[in-house]
Amino acid sequence: MNQCPVHFIQHGKLVRKQSRKLRVGDIVMVKEDETFPCDLIFLSSNRGDGTCHVTTASLDGESSHKTHYAVQDTKGFHTEEDIGGLHATIECEQPQPDLYKFVGRINVYSDLNDPVVRPLGSENLLLRGATLKNTEKIFGVAIYTGMETKMALNYQSKSQKRSAVEKSMNAFLIVYLCILISKALINTVLKYVWQSEPFRDEPWYNQKTESERQRNLFLRAFTDFLAFMVLFNYIIPVSMYVTVEMQKFLGSYFITWDEDMFDEETGEGPLVNTSDLNEELGQVEYIFTDKTGTLTENNMEFKECCIEGHVYVPHVICNGQVLPESSGIDMIDSSPSVNGREREELFFRALCLCHTVQVKDNDSVDGPRKSPDGGASCVYISSSPDEVALVEGVQRLGFTYLRLKDNYMELLNRENHVERFELLEILSFDSVRRRMSVIVKSATGEIYLFCKGADSSIFPRVIEGKVDQIRARVERNAVEGLRTLCVAYKRLIQEEYEGICKLLQAAKVALQDREKKLAEAYEQIEKDLILLGATAVEDRLQEKAADTIEALQKAGIKVWVLTGDKMETAAATCYACKLFRRNTQLLELTTKRIEEQSLHDVLFELSKTVLRHSGSLTRDNFSGLSADMQDYGLIIDGAALSLIMKPREDGSSSNYRELFLEICRSCSAVLCCRMAPLQKAQIVKLIKFSKEHPITLAVGDGANDVSMILEAHVGIGVIGKEGRQAARNSDYAIPKFKHLKKMLLVHGHFYYIRISELVQYFFYKNVCFIFPQFLYQFFCGFSQQTLYDTAYLTLYNISFTSLPILLYSLMEQHIGIDVLKRDPTLYRDVAKNALLRWRVFIYWTLLGLFDALVFFFGAYFMFENTTVTSNGQIFGNWTFGTLVFTVMVFTVTLKLALDTHYWTWINHFVIWGSLLFYVVFSLLWGGVIWPFLNYQRMYYVFIQMLSSGPAWLAIVLLVTISLLPDVLKKVLCRQLWPTATERVQTKSQCLSVEQSTIFMLSQTSSSLSF
């Protein structure tokens, strides 16, 4: 980035330098499709109106075009010479990370006159990392460079996410480290106890030298302790971590390759940004999802408008006639009066004028866009899809917005006459006011203020109009899940407008508290309005969103919706996607209710309501699917959440959070509306660090969802229409919300089953491996003599037992994919880290100890009674160790074969191939005198062992005895205490046997008839 070439203006000429040489005050030229090298104040562009289009996808994920405006007094400077002759000073705030806030002013000097002071805001600031679009070139002055740019100040390192399985692995490893140290200490102590007997320390054939006798006792003991640590260190499964990483990396490709999760419409498939959390997908207890663009399509369609109580529905057919250019109006009720007709046209003009939509006369515009029906060559560009939908909708009703040229907005009315309005002021939209306004001047000299915004921000400022009828229609549309906006206006006389100009100018040029002063000015201006009507825009629910949420709830997962929409619209969407049901009793924790009662009273009232039934609520009822029980749904807004999160005046830390959490736990679903991005992250963090420490998952599609995606244990980005910021910051990305069902219920389930078996199996086989070595020390005078040959010690975890468990952890399917999708309740069998709990870990460890005892003492007693081969030779210690090792390799491999439910040719090849490889290796290792070895202790040992009948009997008998307890445990548990998964497995096996029997009978009958 620092080496990129940048065009500077020096002495009226264009100079090319590296971007690292940029300094504050340098004037830079940027061309179309280039990225801004630093934060710039926009001086001028090649466009006559002094505007440019910018995309900020790399900053906030928004791929839509944003319009920025040049300084009024410099927008006419189009050449390098003009820019080089500019004399001005800029005053601005210190660098701030907020991308959407900037406060400054520019003093432009011309000749000897006093400087012209112009305010500078975010609309004049071009941010580093943004890209210039649909504008040939711009000139700007560097205001923040290097690490002071807003992009640099927003650098945020992702926190390291660790799965529950990884935490369990580390805990188990500490236990085995303690076992290792204990073994070494016990053997060290017993060695010196055993050597305290006369002649045991110095047998006649191994006398010590004088220097050895005088050696410090503690030093000798410490050396022996370290020797035992080295001897037993194989109990620590270091290779397990390597295998786990391989399993996670290779296993992540199964998500990427899943054709069911590929979206044909967008041509997108799932993405895996990290493989460390695969198994965490099988442990999710809470899902936090955005609404717009995640549950819905974020594809706005104008449905209707209500003017003076009359409802207008755009349609292609009117009175049975197809209207030209596919525009038309269906009147729901009676036609308006003459006065109403004027209000109707004023309403349509308001929608054509009160927006920030840009028109591009080019079909090749890149980025999200909409083509008006009235002209195929016109393209509407806006940062808000709602605005495009409104402009398109009003076009179908007869009024077409044409363009903004030389500060004049042009529109085409129903009579095909062009109307021109001078744009005087724009009172920009913000999330606090939840409205925007424009002040325009008509060709006849009349000055209008048009205002549109949320109903809650418009109705209190209205003094005239049919408020009750419009309010009823707005509430009805909100209940149906439509996004509603209200439109109002007022006429201004010249004196009023001049007062407004002075008020706005004073607020705009202020360097201190500019936002506060602007808000106060807007509050004074946007009052005493006349209500015109309301609009309704539909954002359709995504395909299978309702089925997905229903399946997730059946799986025992609680789903919360976090959105910035109004409560009524969000609640309607929740009903549509089956988050709330008909029998769900909604509990409200909203600002309106808190104003009527205190927060303390509201919380305690809600807690009494929900906790009345808490005794009968179980985990099975959390999904709210039982018709016999009262199902609760909670609705909370952002302001109420702020009060809950705010510390009490007495300084207590608990606040109302615990009470709030208790209420949430008793609700089957929670809807959080009017949420700021930071509040979404606060909600996730609140649940994440509650006393149960549940596994959380956040899913969203926009830049405003990034904070909660980063906060949750697992973050999933939906590759939607709001850019790729969410997908880039997530752990996984999916094309549609419906794909979440298979990702969790199938992939997550499989990942957890596979890796939990891998972890337990590694600890088990290492106990089987090293405990006989520990027992052997009691029979060799604690001399640190190894039971196994060096080659066996090295290759046990690398070659003999590594591939079978790796392939198992990649391919095992204990239940069919269709069954998992059809029965989401099976997800609960693996919830809360069920297969890596201490009880299961202790069982695997005890099983390993039992098997090790069988290996060692079974071989020991056989050698005690059968010490001579058929040719009279006596078995030695290497033969004994090889027999123990052979039984162990066969046992641990066959144990994995017993646990395998999904057999493929690859499993057969790897399992039986590993056993064959061990036999072939042992025959070669002991059948050849290897010249590079300084010892030949294993020569002919394996062959000699296999030539003995008792050795064969011992191998078969000991392997059978070792596997017997695990087989008995499986059979008894399946018969007496079967889990849901085991019942499904048994049913599938019976069905398979039944189908095979029917097939065989049919074949037999057909042959008999023949």
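Backbone N, Cα and C atoms are what each Cβ position is placed from, and that goes for glycine too.
These features come from TrEMBL:
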type	residues	note
ACT_SITE	Asp290	active site, 4-aspartylphosphate intermediate
BINDING	Asp290, Thr292, Asp701, Asp705	Mg(2+) binding site
BINDING	Asp290, Lys291, Thr292, Glu387, Phe429, Lys452, Arg483, Thr563, Gly564, Asp565, Arg674, Lys680, Asn704, Asp705	ATP binding site
DOMAIN	5-67	domain 'P-type ATPase A'
DOMAIN	727-979	domain 'P-type ATPase C-terminal'
TRANSMEM	171-194	transmembrane segment
TRANSMEM	225-244	transmembrane segment
TRANSMEM	761-779	transmembrane segment
TRANSMEM	791-811	transmembrane segment
TRANSMEM	841-863	transmembrane segment
TRANSMEM	875-897	transmembrane segment
TRANSMEM	909-933	transmembrane segment
TRANSMEM	939-964	transmembrane segment
Q. Between the transmembrane segment (841-863) and the transmembrane segment (225-244), are there at least three Cβ pairs closer than 8 Å, leaving out pairs fewer than 6 positions apart?
A. no
Q: Could you pull out which residues elsewhere in the chain have a CB under 8 Å from any CB of the transmembrane segment (225-244), counting only those six or more residues past its ends?
A: 169, 173, 176-177, 179-181, 183-185, 187-188, 755, 758-759, 762-763, 766-767, 769-770, 773-774, 777, 784, 786, 793, 796-798, 802, 805-806, 809
Q | Within-chain partners of the transmembrane segment (909-933) [C-beta distance under 8 Å, separation at least 6 from its ends] | A | 789, 791, 795, 799-801, 803-804, 807, 882, 886, 889-890, 893, 896-897, 900, 939-943
Q: Look at each of the binding-site residues, Thr292, Arg674, Asp701, and point out the one with the fewest other Cβ atoms around it within 10 Å.
A: Arg674
**Q.** Residues of the parent chain within Cβ reach of the transmembrane segment (939-964), under 8 Å, 6 or more residues beyond its termini
**A.** 850-851, 854-855, 858-859, 862, 866, 869-870, 873, 875-876, 878-879, 882-883, 886-887, 890-891, 894-895, 898, 922-923, 925-927, 929
**Q.** Among Asp290, Thr292, Asp701, Asp705, which are recorded as recorded positions, the nearest neighbour of Arg483 (ATP binding site) by Cα
**A.** Thr292
Q: Filter the recorded positions Asp290, Phe429, Arg674 down to those whose C-alpha lies within 10 angstroms of the C-alpha of Asp705 (Mg(2+) binding site); answer none if the list is empty.
A: Asp290
(Q) Taking only the residues in the domain 'P-type ATPase A' (5-67), give me the average pLDDT of this model. (A) 82
Q | Chain residues outside the transmembrane segment (761-779) and at least six past its termini with a C-beta under 8 angstroms from it | A | 172, 176, 183, 187, 190, 228, 231-232, 234-237, 239-240, 243, 785-788, 796-797, 801, 805, 841, 844-845, 847-849, 851-853, 855-857, 860, 881, 884, 888, 891-892, 895-896, 899
Q: For the domain 'P-type ATPase A' (5-67), give the DSSP counts of helix residues, strand residues and coil residues.
A: 7 helix, 37 strand, 19 coil
Q: Work out how many Å separate Asn704 (ATP binding site) and the residue listed as 'active site, 4-aspartylphosphate intermediate' at their Cα atoms, rounded off.
A: 9
Q: State which of the following recorded positions has the fewest other Cβ atoms within 10 Å around its Cβ: Asp290, Asp705.
A: Asp290
Q | Intrachain residues whose Cβ lies under 8 Å of the transmembrane segment (791-811), provided they are six or more past its termini | A | 234, 237-239, 243, 246-247, 250-251, 754-755, 757-758, 761-762, 765-766, 769, 881-882, 885, 889, 892-893, 896-897, 899-900, 902, 904, 906-907, 910-911, 913-914, 917-918, 921, 925, 938
Q. Sequence gap of 6 or more, C-beta under 8 Å: which same-chain residues meet both conditions with respect to Phe429 (ATP binding site)?
A. Arg435, Met436, Gly453
Q: Round to a whole number and give the Cα-to-Cα distance in Å for the pair Asp701 (Mg(2+) binding site) and the residue listed as 'active site, 4-aspartylphosphate intermediate'.
A: 8
Q) Counting every protein chain present, what is the number of Cβ atoms, excluding its own, within 10 Å of the Cβ of Arg483 (ATP binding site)? A) 22
